[in-house]
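Feature annotation from TrEMBL assigns transmembrane segment to 21-36, 48-67, 88-110, 122-139, 159-177, 183-201, 222-239, 259-286, 298-319, 339-360, 365-386, 392-413.
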Amino acid sequence: MNALSLNKTFFSSFTLSKDRYFMFVMLIVNLGNYFYNLGLGRILGPQIFADTAILITLLLVLSFLGMTFQIATTKFTVTLQDTERSSLIVFFNKIAIGLGVTIGLLFFLFSKSLKEIFQTETATMFVLFGMGIPFYFLMSVKRGIEQGKSYFYNLSKSYLYEMLSRLIVTYVLLFTFPKIAVSNIVAFGILTSIICGLIPYKRVELQKYFYATKTSNWIKEVRVFFLITAFYEFTQIIINNSDIILVKHYFPNYEAGLYSSIALIGRVIYFVSWMFIMLLLPRVILLKKQGKETRGVLLNYIFYIAILSLSIIIFTAFFSSEILLIMFGKEYLVIASILWKYALATTIFVIANLLTYYYLSINNYIPVFISAFFGFIQVILIAFYHESLNQVVYVQIVSMLLLLLFQVIYSLVHIRFKTVKADNV
C-alpha cells in the first residue's frame, strides 16, 4: 500500500497542471511562430521580407481585434449564469460574422490601394488575408469561452493547430512553388492557419442566427465592455504596430526590412507576457466576483514578467550581433545596436499593458484612456522624429516610460482612494 502511494506521488510530480500545460504549449507556439518569422527573414532577405512583414503586422493587428471578442467572452463566461451563456455566444458570434465579413470586403475592395500605400509586390495578398477575418473573429469567441471556463487544454490545441498549420503550409508552398509571389504564399498560409485554429469547434445551430438575442439585463453591460475593450485594442494596435507601419512609410524597403527583424525579436517579450495575461484575466474576474482581493495576483504576475523581460534585455544587450547573425544572417548586423533598446521599450509597454488589462477586468476603464492618449503621442512623435531607426526606437522608449509612469501614479491614487473610503466606512 505504501509502495502504491509512493508510486502515485512520484508520477504526480511529473503531471502538469492545466495552467502549466497551457504555459508549456504557449512556449512551443511562440517558438514556432518565431521560427516561422525568423526563417522567412533569413530566406528572403531584407527587401522581400519587408512585404511579408506587412502581412505579419496585419495578422498582429487582427489578433488585437480578435482579443476584443476573446476578452469580452472570457469575462462574461465567468460572470454570467449557465442559462445565459448560450445567448451570449450567439450574440458574440453574430457580431463576429457581421464585422468580419465587412472588414474582409473592405480588404477586397481596396486591395489595389493597399498595394500602392505599402509598396507591395501584389494586391492578392490583401484579398487572401481579408478572407480569413470572419473565421478569425469566430475563433476568438471560441477561445474566449475556453479561457473563461479554464478549458486550457482545448485552448492550447487551438493555438498549437494555428501555429503548426501556418508553419507547414507556408514553407511547403514556398519550396514547392518558388515562382509564386512569396507574399501570396504567406497570405494563404495565414488563411489556412486561421481555419485550423477553429479546431475543435462546437457548432452552434445556424437557425439561432436568424433570431434576435433575448434582451437581458446583461446585454447593456456586455455592449459597454465590448466597446471599451475594442477601443483599448485599437490603442494597442497603434502602440504595437504604428512604428513598423510608419517605418515602412518613411524609410526605404531595405531599412524597413532591417527594422522588422529587430521588431520580431524584441516582441518575444510581448508574446511571453501574453501567457501570463491570459492566465491572469479569468483568475482576477473570478476573485472579483467572489468579493476577494485581487491586487496580490496582479503583483505576482508583474514580478514574473519583469524578471523574464529583464533577462531578455540583458541577453539581447550582450549578444545582439550573435542573435541577428544566427537568426537572420550577416545582412542584418548593421541593426544590432538597436535590439536591446527595442526590447526595453517593449518591456516597459507590457508592464503598463498588464496594469491596463487588470483594471479592465475589474470594470475600471480610466487606464484604457491613459493608454490611448500615449498611443497617439507615440504616433505623433515618430511622425516628427524619424531621422534614423535609432531615433524611432528612442521615441518609443520615452513614450512608453511616460505611459508606465502615469499608469503607476493612477494605481497609487486608486489604492489610496480605496483605503480612505474603507477607513471612512
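Cβ from N, Cα, C; glycine included.
Counting residues 6+ beyond its ends, the transmembrane segment (122-139) has Cβ neighbours under 8 Å at 51, 55, 58-59, 62-63, 65-66, 69, 93, 95-97, 99-101, 103-108, 110-112, 114-115, 158, 162, 181, 183-184, 186-188, 190-191, 194-195, 197-198, 201 in the same chain. With a cut-off of 8 Å between Cβ atoms, the residues of this chain six or more beyond the transmembrane segment (48-67) that come close are 37, 40-41, 118, 120-121, 125, 129, 133, 136-137, 139-140, 182-183, 186-187, 190, 229-230, 233-234, 236-237, 240-241, 244-245, 248, 253-254, 256-257, 260-261, 263-264.
Outside the transmembrane segment (298-319), and at least 6 residues removed from its termini, the chain residues within Cβ reach (under 8 Å) are 265-266, 268-269, 272-273, 276-277, 279-280, 284, 339-340, 343-344, 346-347, 350-351, 354-355, 358. Among the stretches 21-36, 88-110, 392-413, the one making the largest number of Cβ pairs under 8 Å with the transmembrane segment (339-360) is 392-413.
Remote same-chain partners of the transmembrane segment (259-286), defined as residues 6 or more beyond its termini with a Cβ less than 8 Å from a stretch Cβ, comprise 19, 22-23, 26-27, 30, 33-34, 37-38, 41, 46, 49-50, 53, 56-57, 71, 74-75, 78-79, 147-148, 150, 240, 243-244, 247, 251, 294, 297-298, 301, 304-305, 308-309, 312-313, 316, 323-324, 327-328, 332, 335, 338-339, 342-343, 345-347, 349-350, 353-354, 357-358, 361-362, 389, 392.
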